[in-house]
């Protein structure tokens, strides 16, 4: 697989969820081995409640590696500040800033415009 495809697959796993805000649980999700590759709790992670299409759309016509802002707002859940891997969870609706590489989202930069 090309590098962008692998990075996009990783981005989807780490940042896009089909679960509703009501069903989403930071502790259950963040303690999954996918988010603790080195056995450490990740300090913060933001999840986008969306299908993949609208997120990938942000990177349409993005050549090379560039940060882009979404034109629409997304429902987001941020899991952060784990104490012994127990996370605080906050929900918001906002724009997102992501890094695109050749039309694929590869990195979540921040909540809000770039």
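Keep in mind that glycine also has a Cβ here, set from the backbone N, Cα and C atoms.
Pulled from Swiss-Prot, these are the features on record:
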- 15: active site, proton acceptor (ACT_SITE)
- 107: active site, proton donor (ACT_SITE)
- 42, 43, 44, 45, 46: substrate binding site (BINDING)
- 26-79: disulfide bond (DISULFID)
- 41-85: disulfide bond (DISULFID)
- 59-100: disulfide bond (DISULFID)
- 97-114: disulfide bond (DISULFID)
- 27: N-linked glycosylation site (CARBOHYD)
- 67: N-linked glycosylation site (CARBOHYD)
- 91: N-linked glycosylation site (CARBOHYD)
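Take the mean position of the Cβ atoms of 42, 43, 44, 45, 46, the recorded substrate site; other residues of that chain with a Cβ within 8 Å of it are 30, 78, 79, 80. Nearest Cα neighbour of residue 59 (disulfide bond) among the listed recorded positions (42, 43, 45, 107): 107. Take the Cα of residue 41 (disulfide bond) and measure to each of the recorded positions 15, 27, 91, 97: the nearest one is 27. In the three-state DSSP classification, residue 91 (N-linked glycosylation site) falls within a strand.
Its Cβ taken as reference, residue 41 (disulfide bond) is surrounded by 17 other Cβ atoms within 10 Å in the chains shown. On a Cα basis, residue 79 (disulfide bond) lies 9 Å away from residue 91 (N-linked glycosylation site). Local packing around the Cβ, expressed as the count of other Cβ atoms within 10 angstroms, is greatest for 15 among the recorded positions 15, 42, 107. Sequence-distant contacts of residue 46 (substrate binding site), defined as residues of its own chain at least six apart whose C-beta falls under 8 angstroms from its C-beta, comprise 15, 76, 77, 78, 79, 96, 108, 111. Here the Cβ of residue 27 (N-linked glycosylation site) has 13 other Cβ atoms within 10 Å, regardless of which shown protein chain they belong to.
Fewest Cβ neighbours within 10 Å among the disulfide-bonded residues 26, 59, 85, 97, 100: this applies to 85. Counting every protein chain shown, 13 other Cβ atoms lie within 10 Å of the Cβ of residue 67 (N-linked glycosylation site).
The residue listed as 'active site, proton donor' sits 15 Å from residue 42 (substrate binding site), taking the C-alpha atoms as the reference points. Secondary structure at residue 43 (substrate binding site), taken from DSSP and collapsed to helix, strand or coil, is coil.
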